[in-house]
Every structure is written in structure tokens, then in C-alpha cells.
Amino acid sequence: MAEDPVESLIKDTASVINDFASAETTHKKYLKSLETLTADGAASSKALKHVSYVSSQIKKDIHALNKSGTALTDEQKQKLQHAKAELDKVNEKLKTLQYDLPAENSGLYLSIILGSALNVTLLDANSRYRYKKDYESFKMTVTYVVLVMLFLCYMFPSRAIDALANFLLVWYYCTLTIRESILRVNRSRIKGWWVTHHYISCVIAGITLTWNDGECYKESRNLLIGLTAYVSLLQLLQHRYQTGCLRRLHSLGQRDDMDITVEGFSSWMFKGLTFLIPFLLVGYFVQAYCGYCLYAMYFSKKSCGEEWQVIVLSMLFFLVAAGNLITILAVVIRKVTTDSKLNITDLTAKYHPKKE
Ligand code: COA
């Protein structure tokens with residue numbers, strides 16, 4: 001005999017009420033854990049700060065004792081040296097532990113944009129890895145769209161398409177600065193210059209967007225399109241290198257035998273850099289050349305001399321080319337001269353969960 005439909009619905013409702021009661025219990029448990037987690041996070045942060053403060057005081061005292069000229073036996077000197085080495089190890093470990101705690105503030109830029117109450121810290125290694133991967137994919141996707149827009153600008157010269165392409169660039173660079181600020185809160189080591197470079201690129205695109213459609217604009221647009229296309233191609237090459245590094249750092253952290261893979265990572269990184277750097281240098285040369293062409297235009301053509309955009313863009317291109325060149329030299333010198341093994345141990349800590 002078929003079941004009474006009303007009874008069946010009542011039975012289902014009772015089952016839903018039961019399920020809800022159990023879901024509510026689980027949710028309460030979750031809220032309790034969250035409360036405990038927040039309290040434990042604050043306690044851990046306080047404890048780490050205390051250790052950091054005391055260890056820096058002891059190091060200062062050791063330094064002062066060594067400088068004071070107090071007569072010390074060889075054994076005492078050795079003991080002090082050993083203590084200092086131990087404190088250095090503690091400081092290195094402290095840095096790694098701090099990766100897992102919320103940052104105290106997100107900085108002025110993010111506080112203005114997102115509000116100071118929003119905490120943008122990613123607490124576990126997998127989330128940091130996924131966020132960084134997503135940042136790289138975002139750059140690549142938008143770069144393809146930019147290339148399509150530049151192709152349209154070149155094929156169908158029109159102020160409207162140019163404006164659309166420049167608007168896209170303003171939005172892109174603006175978004176990059178926000179994402180990069182979030183990455184920096186999450187202990188990314190992006191050099192300040194690369195972020196500044198993206199602020200300046202945003203200003204350059206903004207100036208080009210508002211530039212009158214006059215003779216000087218028309219004369220410079222092919223050069224600007226060419227430069228932007230080259231920079232976009234560079235970004236695709238960079239994407240290959242950066243995602244390669246990221247993938248390797250992530251999997252490096254997953255293995256137990258670090259030594260073999262660390263060597264593999266270093267050799268891959270240097271090969272990648274050797275391939276990339278000549279293209280980057282050509283890019284900086286093209287940026288400086290753009291700066292020079294605009295500079296020459298400003299002083300040689302009366303009509304261009306009356307447009308502030310020409311000289312401001314020229315100065316910004318010189319600034320970007322010089323900043324890029326200096327930073328890339330600093331990066332290469334640092335990579336060649338520092339102890340890569342120490343750095344890698346530190347770097348991998350960011351992208352792999354601790355196994356304990
Ligand atoms: N933009 C964004 N992030 C960058 C970056 C850039 N240009 N250069 C480096 N980073 C990030 C790295 O991904 C890494 O992040 P993480 O700490 O979150 O893992 C961190 O900064 C440290 O990187 P570092 O070890 O200093 O350099 P690298 O080996 O990753 O990259 C270069 C070195 C030279 C390849 C890279 O800096 C680069 O491509 N620079 C050129 C950028 C440029 O000139 N663009 C304009 C083209 S005209």
C-alpha cells in the first residue's frame with residue numbers, strides 16, 4: 001500500500017529538524033574553536049614578541065660586553081659566541097612562526113581602500129600558495145586581453161579604442177597594486193620598486209587616457225602601443241618564470257630530502273634568469289627610448305611644447321627605465337652573492353605546511 005503523502009512529508013520534516021539540530025551543534029563547536037583560535041593566536045603573538053624582545057636585549061648585552069674591553073677568557077668568549085649563534089637561530093625560527101599569525105596591520109594603502117577593520121592575512125601555507133598562484137594567473141589573463149586590445153588599437157586607429165585600452169591598463173595596474181599589497185602583508189618579498197613601478201604605470205596609462213587627441217598624441221601613439229605590447233610579452237615570459245619558481249618552491253617544501261631539490265631549484269632559477277634578463281634589458285632600453293622621443297618632441301615641436309603630458313610622460317619613462325635597471329642589477333647581485341640555501345629554507349616555509 002502506498003504511503004500517505006502527508007505522513008511522508010511530516011516524516012521528512014522531522015528528519016530535517018534532526019539534521020538541523022546536529023548542524024547547529026557542529027556550528028557551535030566551530031564558533032567555540034574560532035574563539036579559542038583567536039585567543040591562542042593572540043597569546044602566541046604575545047609570546048613570540050616577548051621572546052624576540054628578550055633575545056634582542058641579550059644580543060645587545062653580549063655586544064656591549066665584547067665592546068667594553070672586559071678581560072674574558074677564551075672559554076668565556078667561546079661561550080658568548082655560541083650563545084649569539086643560538087639566538088640567531090631562534091630569531092630565524094621566530095620569523096617562520098610569524099608567517100602563521102595575523103599581521104597587526106595591513107598598511108596605509110590597504111586600510112584606505114579596504115578599511116582598517118579588514119584583516120587580509122592568509123593563515124595557512126596552502127592559502128598563501130593559492131593566492132599567489134591566482135595573482136600570477138590574473139596577470140597572465142589580463143595581459144592576453146591587453147594584447148588583443150593593442151592589436152585592435154593598431155588595426156583600427158580610433159580614440160575610443162585607445163581610451164578603452166588605456167582604461168583597461170589603469171584598472172589592471174590599480175588592481176595589481178592592491179593584490180601586491182595583500183601579498184606583502186602575507187610576507188611576500190616583492191621589492192618595493194616593482195610595486196612602485198605598477199603605481200607609476202597606472203599614472204602613465206591615466207595620463208595617456210586623458211591626453212588630447214592632437215598631433216603629438218597621434219605621433220606618439222604607435223610608439224606607445226609598441227612599448228606596451230613589448231612589456232605585455234615580457235610579462236608573459238615573466239609569468240613562465242614566476243610560476244615555475246612558485247611551483248618548485250611549493251613542491252620543494254613537500255619533500256623530506258631538501259638538499260637535492262634545493263640544488264635543482266637554484267640551477268633552474270639561474271637558467272630562467274639568464275634567459276629572461278636580456279629581454280628585460282631590451283625592454284628598459286625601449287622605455288628609455290620612448291622617454292627620449294617624447295623629450296625630443298617636447299623641445300623640438302612648438303605644439304608639443306604646450307602639452308604637459310609629453311614632458312611628464314617622458315620623465316616617467318626615464319624614471320621607470322632607470323628604476324627597473326637598478327633594481328634588476330640589485331636582484332642579480334643579491335642572488336649571486338647570498339647564501340641561496342639559507343634563503344630557500346626561509347622561502348619554502350611560506351608555501352608549505354609544517355609537518356609536526
Ligand atoms: N612583479 C611582481 N612580483 C615580483 C616581481 C615583479 N616584477 N619580481 C619578483 N617578484 C616577487 C617574486 O614572485 C617573489 O614573491 P614571493 O616572495 O611572494 O614568493 C618575490 O618577489 C621575491 O622575488 P626575487 O627572488 O627578488 O626575484 P625573482 O627571482 O622571483 O624574480 C626577476 C626576479 C628579475 C625575474 C623579476 O623581478 C622580474 O621579472 N623583474 C622584471 C620586472 C619588470 O621589469 N617588469 C617590467 C617590464 S618592462
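Cβ atoms here come from the backbone N, Cα and C positions, even for glycine.
TrEMBL: automatically predicted annotations, no manual curation.
Sequence-distant neighbours of the coiled coil (73-100) (same chain, 6+ residues past either end, Cβ-Cβ under 8 Å): 44, 48, 51-52, 55, 58-59, 62, 65-66, 123-125, 128, 187, 346, 349-350. TrEMBL lists 73-100 with the feature coiled coil.
Per TrEMBL, the feature transmembrane segment maps to 107-125 (among others).
Sequence-distant contacts of the transmembrane segment (137-157) (same chain, six or more residues past either end, CB-CB distance under 8 Å): 164-165, 168-169, 172, 175-176, 179, 221-222, 225, 228-229, 232-233, 235-236, 239. The annotation transmembrane segment is assigned in TrEMBL to 137-157 (among others).
What TrEMBL records for 163-182 (among others) is transmembrane segment.
Annotation comment: TrEMBL describes 275-298 (among others) as transmembrane segment.
Same-chain neighbours of the transmembrane segment (310-333): 191, 193-194, 196-197, 200-201, 203-204, 207-208, 216, 220, 273, 277, 280-281, 283-285, 287-288, 290-295, 297-298, 304, counting only residues six or more beyond its ends whose CB sits under 8 Å from a CB of the stretch. The transmembrane segment annotation in TrEMBL covers 310-333 (among others).
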